[in-house]
């Protein structure tokens, strides 16, 4: 059986799959009832290629506009008018520049016109904004009216009726509608009105019900995906408004906004450079050029969609939305869909295989029924005598055969994956995990390893300075409870310390309307600035006192930030802060208690490093602050790399998040290894890792430089033991992820927040970007965004990933059982008795139970804690497991024995007599069959365990589906007999039908006691190890 179901064309990697493989499985899907519905969420590869070509053309046009001579530019942009006349509306609102003219200055990088307008200051005056105060909130509506909204043109969403139309594209339903129309015509001619129309009208009404249920389900899914898409496109931008710095959604950005940019940010609109340092922009997404562009006064233009590679700066927004080239590019890309997931592809293969079998059975059923009919006519010498009733019988046979194909081709299998993923993604979004790629939710169920950052993920990211070593003394800061704190140091040392804090920072101290100060910046910067304020420092005064000449922003490669400032009298001073191992080796001196530089001897270096180790061992993040005076021509010099004077060692406390230790314990119980990868000191990393329960032995921690020096053979030996990697670079994280995947076939989830984490996020099986501390570059390369930066959210994601996989297994088991029973009973009955006990209308109802309703019931069940007490789903494990086959075959045999026994000897067994005995028996068979599926649906809630009722009442969707199915079944049997070919049943026969169905639960218990694995240590049905036996086994 396994060889029979080895569908090689339908094997797909969850990430970075080739276009050839994607085309191969699409071509292999040969049996499809409704291609437009089946492939709604699957991207059209030809359209995608066309979109890529359009994108390349737009990028080429942008390149031409940026780098070709202005004369050529004007030739290309012939529609652009040189003169722009201001409308009365623009003048009335006190704006001095036309929206199109303003947009064109940045679009074509027209530096001459920018200078003619007075540079960035002149543009600011023309858009009525102060570069210091920013836009006034009272002018937002006016600016949006004149200069436009920062939104892109998107394809309008499908209406509900479009989903109804798509559901009607099912070729088998179209054939059935034709058969129904023919049946009505022939029936009325034969049996008169209204009796002659019941059969055909019953089919039409059932088709209508099937279509509406499918359309409602699909429409709800589309709404869920639309909400998720909005969240994915949401970017938070830092701007200056009303004189203070604040965060706003990218959609609220207006022309005139002053935007703050830092490493990893996406440029949110077209704009002009105001000020900044070492600002390097990556415009490859816009122009296709890979070389970064330096932004400064000589080259001040920033284009929407570009990424900040390095540095920091401020820009004035000049164009938003569709007036930017990025807007036009996004309009082109808006129709692209998400890549299919491996489970979707696998179930398309299963559906195709079963569809072939079902098509064969359907054709054979029609041939057998028609053959018997023709033989019987020939035996009665009526072969040449044909009437309209004969035609009606053949139409019924054909409709039954087509309906068998409807039931046999399980369209719901691949669609159930989409339904389950959409449901899981919606729930995860509420739980602070934004899934950007569908396959990530699925793959997380197989994760065997999580490589996690420390800061902000395992810790709270709410940092405070806990202690400081300065002037050869350690001073505790935490727990003072004072609004001001006095260090026991001289005024001169304090002045130097405050300069180092307030001058060398990427953060900012802002004041609200009430004059209350607050700090904006990274947690580390905020901790230092708050410490400076606690010491009585004045950030604004410090900023005004000294002029910044040059800045080297912090990044994960440099591990330090440096700044060069001009001193008031003469000369300049460089400040440096960063990782101790980087800063200490740059220092030749250390500040004494008088504030004078003293030679940093070997003995003092040893003492300094011991202090750093002591701080780190107390789980404190350590930073060193240093300065260096340079000569009067310092402004012409680069920032020095040596000769500094060490000011202080700062210990910053970042407590472990509540619940992290329990979350790590959950991962370990679930067979998921947790590895901490951090840039911090190894002693800090060890202390935090021990507190979290990650580090079990000190030998399992390693530093990045040591890791990099290992040979491949040594790597193979040490990597399985690594629990902590400290002082690591992003390249170390990438190497670790690559080796885990290639050497050990691990399914690796990795967290990242910085721009340099992008390669590791991209290379991993599941890239997890931090929503709060993460840069836009990191988020763009991630599969999931952890909105609260919390490790517990990652564990919840793994739980949902496993739930999706198991829910689909439950649904597949349920649907295949229905498929087998429906096909066999109709085919065997047709061969032996010449009639099918289940009519077209009844089969359509059964199809809806097992397809859309079954998917809703089983594919949307929430996860339970038991899922995290088993190892991950094995890589390459068979999706339809031996335990599933056992359940499918066992339940099918029971149902077939009972139903065929009723079909062939039911009248005698039930004591049915009278003219309506056949109709009553067929109704009992239909009713019993449906109740077998109802109870088997309950049975399918757990493939291995006996207690299938556990947690059932927590799943309201499951309960609604089961109750709705039973209620509507009663309505069909008791009140819709004319359309469904049923008759009302006595209470005894109702009780019998329910009893026959409920025995499925007993059969399920018996089946689950039968061992199916042949290995000494049996695996669980889904690749997990079985749970221990005993009372909990039920």
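Cβ coordinates are placed from backbone N, Cα and C, and glycine is handled just like the others.
Here is what TrEMBL says about this protein:
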type	residues	note
DOMAIN	116-188	domain 'Cation-transporting P-type ATPase N-terminal'
TRANSMEM	171-190	transmembrane segment
TRANSMEM	196-216	transmembrane segment
TRANSMEM	353-375	transmembrane segment
TRANSMEM	395-424	transmembrane segment
TRANSMEM	956-977	transmembrane segment
TRANSMEM	989-1010	transmembrane segment
REGION	1015-1034	region 'Disordered'
Same-chain residue ranges lying at least 6 outside the transmembrane segment (353-375) that approach it to Cβ under 8 Å: 5, 7, 30-32, 383, 390, 393-394, 397-398, 400-402, 404-405, 407-410, 816, 819, 823, 826-827, 830-831, 834-836
Contact yes or no, the transmembrane segment (171-190) and the transmembrane segment (395-424), 3+ Cβ pairs under 8 Å, gap 6+: yes
Long-range Cβ neighbours of the transmembrane segment (956-977) (under 8 Å; 6 or more residues past either end): 202, 845, 849, 853-854, 856-858, 860-861, 923, 926-927, 930-931, 934, 937-938, 941, 983-985
Per-residue pLDDT averaged over the domain 'Cation-transporting P-type ATPase N-terminal' (116-188), given as an integer: 86
For the domain 'Cation-transporting P-type ATPase N-terminal' (116-188), the number of residues DSSP places in helix, strand and coil: 46 helix, 3 strand, 24 coil
